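Features reported for this protein in Swiss-Prot:
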DISULFID  Cys23-Cys50  disulfide bond
DISULFID  Cys26-Cys35  disulfide bond
DISULFID  Cys42-Cys68  disulfide bond
DISULFID  Cys72-Cys88  disulfide bond
DOMAIN    21-97  domain 'UPAR/Ly6'
SIGNAL    1-20  signal peptide
Amino acid sequence: MNKHFLLLFSLFYFIVEATSLKCVTCHLRTQSDHCRRGFGVCLAQKHEICMSLRIYFSGSLQLSYMVCQRFCKNLTYIFNNRTYTHKCCNSDFCNFRL
């Protein structure tokens, strides 16, 4: 009985793992397209999706930030002559392409 339970549990774990949303993480990506901090992949938890924040100055990308995020809203606003663009998506690695 315990062997069957362990086998079922293992299969369930791999199915859940295979279906988890994967997002790129980068806590500081520069305009030269290099991630300076926190590069990797996060597995979105319950109610999380992929998020990208990009900061522009005079129309030129200055830096970006990418993570798995629970509360995410597509939003663009201007503050101190910089444009902040939040984008949310829900397919694997989609925040890298935004």
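Note that Cβ sites are derived from N, Cα and C of the backbone, with glycine treated the same way.
Taking the features listed in Swiss-Prot, we show where each one sits on the structure.
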| residue | record | Cβ within 10 Å |
| --- | --- | --- |
| Cys23 | disulfide bond | 27 |
| Cys26 | disulfide bond | 21 |
| Cys35 | disulfide bond | 17 |
| Cys42 | disulfide bond | 19 |
| Cys50 | disulfide bond | 28 |
| Cys68 | disulfide bond | 21 |
| Cys72 | disulfide bond | 21 |
| Cys88 | disulfide bond | 17 |
Exercise for review: Compare the C-alpha of Cys88 (disulfide bond) with the C-alpha of each of the disulfide-bonded residues Cys23, Cys50, Cys68, and give the closest one.
Suggested key: Cys50
Revision key, fill the gap. Close to Cys72 (disulfide bond), taking Cα pairs within 10 Å and only the disulfide-bonded residues Cys23, Cys35, Cys42, are none
Check your understanding: Where the distance is taken from Cα to Cα, which of the disulfide-bonded residues Cys26, Cys42, Cys68 turns out closest to Cys50 (disulfide bond)?
Key -> Cys68
Exercise for review: Report the nearest neighbour of Cys42 (disulfide bond) in space among the disulfide-bonded residues Cys23, Cys26, Cys35, comparing Cα positions.
Suggested key: Cys23
Study note, to complete from the structure: DSSP output for Cys72 (disulfide bond) maps to coil
